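A.B. asks: Take this structure, written in structure tokens, and hold onto it; I'll ask about it next.
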Amino acid sequence: MAKFLRLHIRGIRSVGDEDHDVHKIDFLSPCTLISGPNGTGKTTTIEALNFVTTGQMPTQKKQNFIHSTDVARKTRVDASVTLEFIDVKGRECTAVRRLVVTSGTKAAALAEEHTLAIKYPDGTVNTLSSKVCDFNTALLKHLGVPRAVFKYVIFCHQEDSTWPLSEPKELKKRFDDIFQLTKFVKAQERMKKIVLDFKKEMQTHEMSKQLYETHVRDKLVARQNQEECERKISKRKEETDELKERKANGQKKIEEMRTSIHELEDTLTSFKKTELERQNLKKQLSLIRVEPYFGTEEELKREIEEFRGSEGRSYGEERARIQKKIGKNNQERQELSQKKTEFENRISSLKAEVIHCQSLKYDLERLENQLRSELDLEHDADIDIEIDNAITLKIRGMSDKARMIAKNCAELQSNLRTAQEAATKIEVEMKTLQNEKVKLEKEVEQLKFKIKQGQNATAGMKDLLKKEEALRKSLADLPLLDENALTECKLKREKYLKQLDILKKKCAEAEKNAEKDREKESLKQTLSIARKKMTAYQRIYDNNWQGLIGQAPDFPWTPILSKTFHKLRNDKKIMEEDLRDVQLNVQKLETMQHQYRKQEESLTAQELKLSENIFEACSCEAEEVSEKLENLRKRLKKARKDLAPLSAKSNLYDSYIEESKSSGCCPLCDRDFKTKKEINEFSKKLENMTLSFPTEQEELEKLVSKLEKEEIIIVKAEGQANELQRIVKELKEVREKNRKLSTEMAEEKSNLSKNEKQLETVNAKLKLAEDLQTDVGVIQQLYEQTEENEKRYEQLVSESDSSDGLSYTELRKKVEDKDEEYRKIVQEGEELQKCSEERNKLQSKLNELGTHRVSLGEAAAQAGAFAEQLETKIKEIQECITAISQKRNEDLPDAQFKKDDLTRNVSSKEEEKKKAEMEVQMMKKELDQKIFHRKSLFKKVQEGGLCERQLMDKENNIATLNASLEENQQRQKRFEEDLRSFDSSHQRESILKDQLTRMIIENKIKELKRTLATFDGQINEDRITEQKQAYNKLQNELRLIGNEEVKIYTQMQEYEKQKKIAEAKLSTKECQNAESNYRDAIIELAITKESISDLTKYRNCLDASLIQFHSEKMGRVNGIIDDLWRKVYNSTDITTIRIRSDATSETSSKKVAYEYNVMMVHETGTEVEMRGRCSAGQKMLASLLIRIALAEVFGGSCSMIALDEPTTNLDESKVEGMAIVLADIIAERRGFDENGKLRGRDMQMVVITHDERLVNRITISCRPEYIYCLGKDEHGISFLSKRYPDGTVKRVNTKRRF
């Protein structure tokens, strides 16, 4: 319990700031008396106590509260108030509040640092400073009393000592502060505002929920479109890969067939050429007449060389020409060798890359085998197809295992909670038993005390009997009282009081009617303003409603607007879906049109290019190429036919000339020439015939070569002409498709424009609705308030119609007149009452002694019963000790062991669960890494395949180079042989030449025969025809595959666009956060609803709790007041007093409020308001008792009250009565009875007065150790002295010296 020890005042009001001027007050128990004349600083003590405990000063200006600098003759005065007390926890505390005032140019009064020192039982001291904490809150916490109780109850100022009987408004304010209802009312107002804000937020959350729900649906649609497009693209890619594979196989087959056809055609051509050459050689051989050379060809060539060597100079030129050819051939061989070296270097690097590719293939195969092994796939399973499903199954299996472990862990946790609850239950039971034991021990102590009281009661009854006898003698000595006059006065007073109450009730009703009239006028103005606002809103948003539903509806607008919003959103959703479909169709058609346009441009460019190539090659149109080729082949055939016999004729005529010269006869008819002249003529004739052969043969060879080149060009042009015909046909088809596509796209664009216009209309309506939405909540609230105000106005009108009678002013005048008459009657009753006070006082004491004697007798009689109860309680304590021991030694260890075992199992299972979850995460991460590694390896292997193809090409190139080098070497040998041939002699040139020609022709014929023999079984023209037909068929198939590839490519482009649109939609912030926003909106909506519900429940609960709290506290206060009044009030006119609190519902805020009145109860049981109907003594007594009761109930652990001038405005007789009342109160609230026995908590009272009679009376009753006396010296400084019972006076500090 908090207790005040001492108070030190320095530099406050008239208290000086020097050490010897400090007022040091030690608070005595039960009463501390402070006496002194008026103006010596008695009230300063109350102000200092109020200031140190609550921080409140009696004036707003600190300069007026602090000691004057002029009186102190200083420029600076330091003021402080120090309070030493024991706090609610029994700790000794010292609170110091400091102030300072300065004078001069910068005069100011400031509050300095306040400190609170707390001394703990172990001797340590902790100091709190106002710089680091809320000093007022900390101090009130240690005292355990609210601020309002200190201000209005404990340390009430002299001017406010009778506030319990003040005006109702002021009384209500102070009682609300004491009950601390203001903060609860504010809390209710805040909760009401929060509920309204939550309702508005709930509407916002509902709209947000609908919006986010639309986003979620859009996201789902976009994701479905994306997945569908990806699936279609994947399918088209597979089809494309299949087509590419078919195309590659077809191209490979075409290449093989082309090679085969060319080989067959080359073989057939070679066969025909070889056969034609053999026929020509046979004809040439038949024309040669020389005898065969009997020897080898080398011998014959040797002789020819020797013959040429005899010619000398002409063969030297031929030799130089051959050497020049040899040099050129050597240069060509060096270039070929250099190219070969480069190719070999490149092949080496490519082989290294191929080897690296093989290692990558091995790594890829090993990685795929690992994946198959880890994912339990078959050895021949297609990993690209089955890996995703296998990974899903693998992860799902591990996740199921982890979930199973988590489930087991949850079960163990549930068992652990059960075990914990069991252990907690045992501990609670032990605590309950322990509390029961403590309670029983307290009851045992009380029973022992009662037994001891019963034993002491017998001795106390003898003293009480002697006191009763003395009181009866005193009562018999008093004069008799005229009871009839007193009764008549009381009856007359009650009659006037009833009439006054009736008039007051009528006056109150009239006042209420006047208030209702004022409220009615206010409501009328409010309704007028509200209707104008609603009309203005209707006029503002008339165009919006016209655009939405055609006309403005009646109020309320919220349901109609919500329905319209819902309909517009649904329409917008449907139109957006239709618009999206049309846009997709338009994009698809535009893509196809773009592809057709590109295809048309490509075909047109090919057509122009082929036409130009054909014209450049043939100088004719494509249709004339076949005819021109046919004519050219006829000419070529004729030229080849004319060229064949010329070579044979030349050789034959040369042999005839040689034979005629050597044999001297005609080689045809063997006729001998007679003279040499005939031989020469014959030879000359043959030479003339052979002179024209070389020129003609050369011309024919040139012609044949030219025609063959033209044939090659025209054959190529014929293929181009066929390709041109195909392109022209395909171009017509493309243009026809493009035309149909343009028509379809025009229709779709028309639909698109129509849908966009409809969507714009819906968006415009939505904008109108959103504009309405901004103020519809305000309009709805205004509408609801208007309806409530109209109902209230109608109610007030009906009530005002039924009310009649006098006005409030007339009734008030009657009340004042009747009150004046009542006061006169009360004054007469007080004069009579004064006579009966002494008798009532003696009778009251006599009754108290009788009651005390009866209680002592009952205590003595009940001592035996208390002894039996004591034995029962001791047995119950022993049973509690046994039960506590059993639970502590048996039940609690078992429960703790079970809980610890389950805790260990839960910990291990938690570790196992975390390990399983970590394994799932690691497996997912490892599989993702392996899949990524496999993709990179697969890509590198594909790149390695390109290196293999390049290696094959380079190897083919180097083979070609080797063949060219071999040919170069053969040519070199031939040139060298030719060169050597020029070193031979030139004898017998003609014969040897003919013989050499013959030998060559015969060798050629033999070689041609062998060549023709190799063609047996290889010449098959039907096979060539069949292969050409198959070749054309494959080309058609490849063309169809190409068209299919273009079609698939167009579709893939369209799907890619749709996919990009879906991805763009999904990449937006709305779609990315759609689920979380929707979930948050639902959560916010649910939380808001629950918050509204909880706040409503809490408000209702708080209302009920406040009502219950108020009723309980007020009941306790009235009980204490009734008890004190009956004990200290000596008259019989007022049986008791009480505080009446009437609950009133305030219409504006719909909250419960209280109106307070102090009522006095007469002997008849009638309750009358005490304010204005009681005497000054009754008023002071009632105020004092009310403050004591409030201090008892709301003072908590601080049983303290200070009375400043309690005898103010009291006459001499009333002062004596007040002294008796205070003495009785002090006696009633003593902590110990007359025998020194503990009775309850001790009460501290501080009485500050200038009335010596009151001081003497209280001194006789309480017998304090000393009395504090205040005075002032010649300098106006207040000083404090102690006056002891023997009359000696001692100054608290030494006297001031100058």
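Glycine is no exception: its Cβ is also placed from the backbone N, Cα and C atoms.
The model shown is predicted, which means the values in this text are computed figures rather than measured ones.
According to Swiss-Prot, the ATP binding site annotation covers ARG13, ASN38, GLY39, GLY41, LYS42, THR43, THR44, ILE66, GLN158, on the basis of similarity to another entry. Residues or ranges marked as Mg(2+) binding site by Swiss-Prot on the basis of similarity to another entry: THR43, GLN158. Taken from Swiss-Prot, the feature Zn(2+) binding site applies to CYS666, CYS669, supported by sequence analysis. The feature coiled coil is assigned by Swiss-Prot to 222-291, 317-598, 622-660, 691-719, 754-1092, with sequence analysis given as support. Sequence annotations record features per position, and here Swiss-Prot assigns domain 'Zinc-hook' to 622-719.
How buried are the listed features, and what sits near them?
C.D. replies: Taken residue by residue with DSSP, THR43 (Mg(2+) binding site) is part of a helix. Cβ neighbours within 10 Å of THR43 (Mg(2+) binding site), excluding its own Cβ and spanning all shown chains: 18.
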A.B. asks: Measure between the Cα atoms of every pair in ARG13, ASN38, GLY39, GLY41, LYS42, THR43, THR44, ILE66, GLN158, the residues the record assigns to ATP, and report the largest value in Å, rounded to a whole number.
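C.D. replies: Value for the max Cα separation, rounded to a whole number: 19 Å.
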A.B. asks: Where's the emptiest Cβ shell within 10 Å among the binding-site residues THR44, GLN158?
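C.D. replies: Counting other Cβ atoms within 10 Å of each of the binding-site residues THR44, GLN158 gives the minimum at GLN158.
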A.B. asks: Output, ordered by sequence, the same-chain residues six or more apart from GLY39 (ATP binding site) with a CB under 8 Å from its CB, or 'none'.
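C.D. replies: Non-local contacts for GLY39 (ATP binding site): LYS1272.
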A.B. asks: What mean pLDDT does the predicted model reach across the coiled coil (622-660)?
C.D. replies: 69
A.B. asks: What's the CA-CA gap between ARG13 (ATP binding site) and THR43 (Mg(2+) binding site) in angstrom, rounded?
C.D. replies: 10
A.B. asks: Looking only at C-alpha atoms, tell me how far GLN158 (ATP binding site) is from THR43 (Mg(2+) binding site), rounded to the nearest Å.
C.D. replies: 7
